[in-house]
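Novice: One structure, pasted below without further comment.
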Amino acid sequence: MSERIRKIIHVDMDCFYAAVEMRDNPNYRDIALAVGGHEKQRGVISTCNYEARKFGVRSAMPTARALQLCPHLLVVPGRMHIYKQVSLQIRAIFERYTSLIEPLSLDEAYLDVTDATACRGSATLIAESIRNDIRNELGLTASAGIAPIKFLAKVASDMNKPNGQFVIPPEKVQEVVDKLPLEKIPGVGKVSLEKLHQAGFYLCEDIKNSDYRELLRQFGRQGASLWKRSHGIDDREVVVERERKSVGVERTFSQNISTYDECWQVIEEKLYPELEKRLERASPDKSIIKQGIKVKFADFQLTTIEHIHPQLELEDFKLLLKDILKRQNGREIRLLGLSVMLKPEEQARQLSFF
């Protein structure tokens, strides 16, 4: 008996934060616009509209750099409470078509419409109808990807942006995957991509035609995952309830810092108290698995360190801080963050019985 073919849609709002600002303020519609932090406060760009992207402005770019590329760029502060409200409105539109919704962020989600009856059960028509509803009711545009597996649905949603959609039918999966650059696979970052290129891998087809054991030897678990993706395999389900996995706080400094004492003062007085508050909201019994520190140096290199610990402890961050600063090599520090990985809910419930 053949396995049932799934119908997965990935919906991705077009430059979401900036689009909301342009919708709510008509004066913003024909100018280069970004949502982000102030350049004097070492801010970064959260998102920008397509006019700004013509000049090379991108998300996560320092605001100062964005203004160098586009001097007439208007940078406005974010209104997160508004974006959350709009995200709930988008979610309500999704729920007209399916209950199998996996939000990835405020502006994107996976939908499983395999058993949906709307639009005669056509995933293509459902995606089109959802996008029309969003445009007509909310004044925003969305792009969508339709495929039988999750990672390809996400890839497809980027193929006809903005305000478009792209379908990868089951019989075309391997053909599309073969020609897919490895950087298009979700989860392949800059460092991983560089290592893959050094090993001679550029397309999924290169991975598909390689030796599986050699991939494992060179790239470990990522090698195994890439091998599956390159063969058009992605068994992941659309997860309706996404359990929160981590809690974190961070601070970008208006002036770089450099010493252990400066870092510890920020941790003790600012970051740790805020982390405690957030952990209390996310996990009242404060059950965790790991705690860690993140540092971004002045050259924008990011490094993290963590260790296993069942409870949040301020003193444990001292050793982590000493260890992570061994990687400093004379560089100043631009950003400092703390995080904890939460214990899975089921595991926490089981432990509470004893």
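Just so it is clear, glycine is given a Cβ too, placed from its N, Cα and C backbone atoms.
From Swiss-Prot, for reference:
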| type | residues | note |
| --- | --- | --- |
| ACT_SITE | GLU108 | active site |
| BINDING | ASP12, ASP107 | Mg(2+) binding site |
| DOMAIN | 8-189 | domain 'UmuC' |
| SITE | TYR17 | site 'Substrate discrimination' |
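Map these features onto the structure and tell me what's around them.
Specialist: Annotation for GLU108 (active site): spatial neighbours HIS10, VAL11, ASP12, MET13, SER157, criterion Cβ-Cβ under 8 Å with sequence separation of six or more.
When secondary structure is read from DSSP and collapsed to three states, ASP107 (Mg(2+) binding site) falls in the coil class.
In the three-state DSSP assignment, the secondary structure recorded for TYR17 (site 'Substrate discrimination') is helix.
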Novice: Quick check on the binding-site residues ASP12, ASP107: which one has the highest count of other Cβ atoms within 10 Å of its Cβ?
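Specialist: Going through ASP12, ASP107 one by one, the largest Cβ count within 10 Å is at ASP107.
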Novice: Using a Cβ-Cβ cut-off under 8 angstroms and a sequence gap of six or more, which residues of the chain neighbour TYR17 (site 'Substrate discrimination')?
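Specialist: When sequence neighbours closer than 6 are ignored, TYR17 (site 'Substrate discrimination') has VAL35, SER46, THR47, GLY78, TYR83, ASP107 within Cβ distance under 8 Å.
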